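Remarks on the structure that follows.
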Amino acid sequence: MASSSASDCDAHPVERESMRKVSQDGVRQDMSKSGPRLPGESAITDKEVIYICPFSGPVKGRLYITNYRLYLRSLETDLAPILDVPLGVISRIEKMGGVTSRGENSYGLDITCKDLRNLRFALKQEGHSRRDIFDVLTRHAFPLAYNLPLFAFVNEEKFKVDGWAIYNPVEEYRRQGLPDRHWRISFVNQRYELCDTYPALLVVPYRASDDDLRRVATFRSRNRIPVLSWIHPENRAAIMRCSQPLVGVGGKRSRDDERYLDIIRETNKQTSKLTIYDARPGVNAVANKATGGGYEGEDAYPHAELSFLDIHNIHVMRESLRRVRDIVYPHVEEAHWLSSLESTHWLEHIKLLLTGAIRVADKVASGLSSVLVHCSDGWDRTAQLTTLAMLMLDGFYRSIEGFEILVQKEWISFGHKFSSRIGHGDKNHADADRSPIFLQFIDCVWQMTKQFPTAFEFNECFLVAILDHLYSCRFGTFLLNCEAARERQRLAERTVSVWSLINSNKDEFTNPFYARESNRVIYPVTSVRHLELWVNYYIRWNPRIRQQPHPMEQRYNELLALRDDYIKKLEELQLATPTKLTDSSTPPSGSAQIAPRMQTHF
């Protein structure tokens, strides 16, 4: 039977604990029959349906719909819920069959999900049952079309940690030793007037004035000027990011832009060249001249060394993921698996991203040059490359807190268009702006965790939880397209951060084998032979193919559970005999010896 939690990496246990506490406080009664309920979540309707499970066949159940999720319970067994799907995960809802349909279970709804699932429900033809469910699901899965709020804006969850406080740009730049004599913090974009998709605070060369920045902005796509992302703690080589120059077919030049890149180059006295990595294939960069874009030519930028990284655009990546979906859900064809996987080109794209990031990281680590990274607009491939390179170079970003800061900084504050790429609350499933750019980044991170199992503080469940809530609309973290829009909507005041959930339950997301090595640089092997399809994400809904947890990790978790059980028993013993434990001049040998042992790390 298909389950709501197809792998051990699922946030639902945390969610259930949250709801149990709410019930104990008297705020919300236990909804075990009609489904779980978060604070702020309200029931809308329920209907008897037949779920066409692709793995075990038809299941008769009752479908509950709230303003956050759809939830299915079997009417035939009293087992755990069969489905628990946030409405934000839904990409498309279609009616199947018509009034003349006569086949068994041929009349109902077909639901396509962003997490690679397809859900099919058969309904009775009489009584407008399908129309009612279709209308309710459409309104609440795609609330923006009906002037309804996303669930994040009505979510009333409370956590002991405020995830919005995790990232402070001044503190993060200070951690990197900035500002210094070569770099300064500029507030030229404080009102988002220079660039409406950049953060309010930017790090730029000390010798460049704010007026210089304004002139440079006119020659960069979307005004996304070159700014610093990361600086090496020893050799002070920097990773910069920006968008393409507006060269056009006429070969337009900007003396201000050329001088600005020279100033960047001169911040690192160890080299006479500035390395520019253009993420695009060279032919695409040339083609972009026709629409006013382009690249840094040798004539205009003689002190720059330009390389193209051959990473394809959002449309190619969207098609590649569609092919992955076709081969992993609902069934995997074993006989042609390798050729089918190769035909998706998904691992080839992962390889190119990792290879490009290694080139960026190695150039900076060697101190040979500072690096400028861009694609077309500087918010998709650019973010992938800078974050992966920074993960390779800086061990801080491989911690749980550091990774959260990395995502907040390079993806969220620098304007990756999450709303457009994911389509939060939008029913236009065929929108050409949708693309799995952030999913690819997380996949690359997972590949690195497989090759360096002790280098990352977080585990696979951490990455899966991030992706699940990328779509769920339960939290405000990934909503909207840029920092300016989030400030206007007061997201940090009106919504909960996903980091609140994670940082309040760190044990569930911690890698037991983590060994902190802050100065270690890691370069993954990028040959396709060493890359894998992430089974526990892409094929997690198939109960027949799910990977088993690592035996050592499983044993570690068992020991942790055993430790917690002993601590609980010790606390119960202390509560049961308070007088004896307090009055005795010599503590019982058992309790005196057990307590310290409970702090031993297994």
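Keep in mind that glycine also has a Cβ here, set from the backbone N, Cα and C atoms.
These come from Swiss-Prot:
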type	residues	note
REGION	1-40	region 'Disordered'
COMPBIAS	9-31	compositional bias 'Basic and acidic residues'
MOD_RES	Ser18	phosphoserine
DOMAIN	28-97	domain 'GRAM'
DOMAIN	163-538	domain 'Myotubularin phosphatase'
ACT_SITE	Cys375	active site, phosphocysteine intermediate
MOD_RES	Thr495	phosphothreonine
COMPBIAS	578-592	compositional bias 'Polar residues'
REGION	578-602	region 'Disordered'
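Comparing Thr495 (phosphothreonine) with the residue listed as 'active site, phosphocysteine intermediate', their Cα atoms are 32 Å apart once rounded. Summarised by DSSP class, the composition of the domain 'GRAM' (28-97) is 3 helix, 38 strand, 29 coil. Mean pLDDT for the domain 'Myotubularin phosphatase' (163-538) in this predicted model: 97. In the three-state DSSP scheme, Thr495 (phosphothreonine) falls into the coil class.
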